[in-house]
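Enquirer: When I checked TrEMBL for this same protein, it listed these features:
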| type | residues | note |
| --- | --- | --- |
| TRANSMEM | 6-25 | transmembrane segment |
| TRANSMEM | 46-65 | transmembrane segment |
| TRANSMEM | 71-93 | transmembrane segment |
| TRANSMEM | 102-126 | transmembrane segment |
| TRANSMEM | 132-152 | transmembrane segment |
| TRANSMEM | 164-186 | transmembrane segment |
| TRANSMEM | 192-214 | transmembrane segment |
Amino acid sequence: MADPNTIRTIVGIIGNVISFFLFLSPAPTFVKIVKSKSVMEFKPDPYVATVLNCAVWVFYGMPFVHPDSLLVITINGFGLALELFYVAIFFVYSDWAKRRKIIIALVIEAIFMAILIFVTLTFLHGTKSRSMLIGIVAIVFNVLMYTSPLTVMKKVITTKSVKYMPFFLSIANFANGIVWSCYALLKFDPYILIPNGLGTISGLVQLILYAAFYRTTNWNEDEKEVELSASKTNKSSDV
């Protein structure tokens, strides 16, 4: 019979692989943004929220906070770097109003992380108390990450179009939630289980919406918007 720790490690590696593709899944969206030189109707909310989520999980996985969590650090470290890259692209191709919101959000997140690290390392001694505090905070921000697509889901329902809800991101969220929930159950970790259980539900709802509104989506309209955005950009650059 396989050792539970070995099984957990294997599941964690699978979780890393799935999370890797989860972080890469928005790439087609950003290729579209770069080509059109416009963010169109895409929202930065999920990516800005994920930046803070990854930062908190990296800190949670540190040996002086929660030992034996190397797999948590590796994937969230990669995710943090990639999400910052996504946000940077969003920033470049947004108007000033959206840029200001992104700057404010990132500054608030940086201040929050600085305070969280200071409080944890200064006032809490021992990994148990540190794991509890950072674990609770991680749950909150993991929930924010998984619920951030709610604005997009609302748009899907009102427009009856899934054009701005990337399919691969939704399915990756669903698979990611399932695997990390299993990882948390093998060596019970409520701080990983709770948010990823909710993530599984969130991903499932997105997939249901995608199936429900796929046929009513006007995909050709997307190409027109890209051409229109590019045309506007070229005109403004000629001024």
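Backbone N, Cα and C define each Cβ position, glycine as well.
Automatic prediction, not curation, is the source of TrEMBL annotations.
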Enquirer: Against which stretches of its own chain does the transmembrane segment (164-186) lie, if we need a Cβ under 8 Å and a gap of at least six residues from its ends?
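Expert: Same-chain contacts beyond the ends: 4, 7-8, 11-12, 14-15, 18-19, 21-22, 25-26, 28-29, 40-43, 46, 146, 149, 152-153, 155-156, 192-193, 196-204, 206-207, 209-210.
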Enquirer: Other than its close neighbours in sequence, what residues sit by the transmembrane segment (102-126), given a CB gap under 8 Å and a spacing of at least six beyond its ends?
Expert: 44, 48, 51-52, 55-56, 59, 64-65, 87, 90-91, 94, 133-134, 137
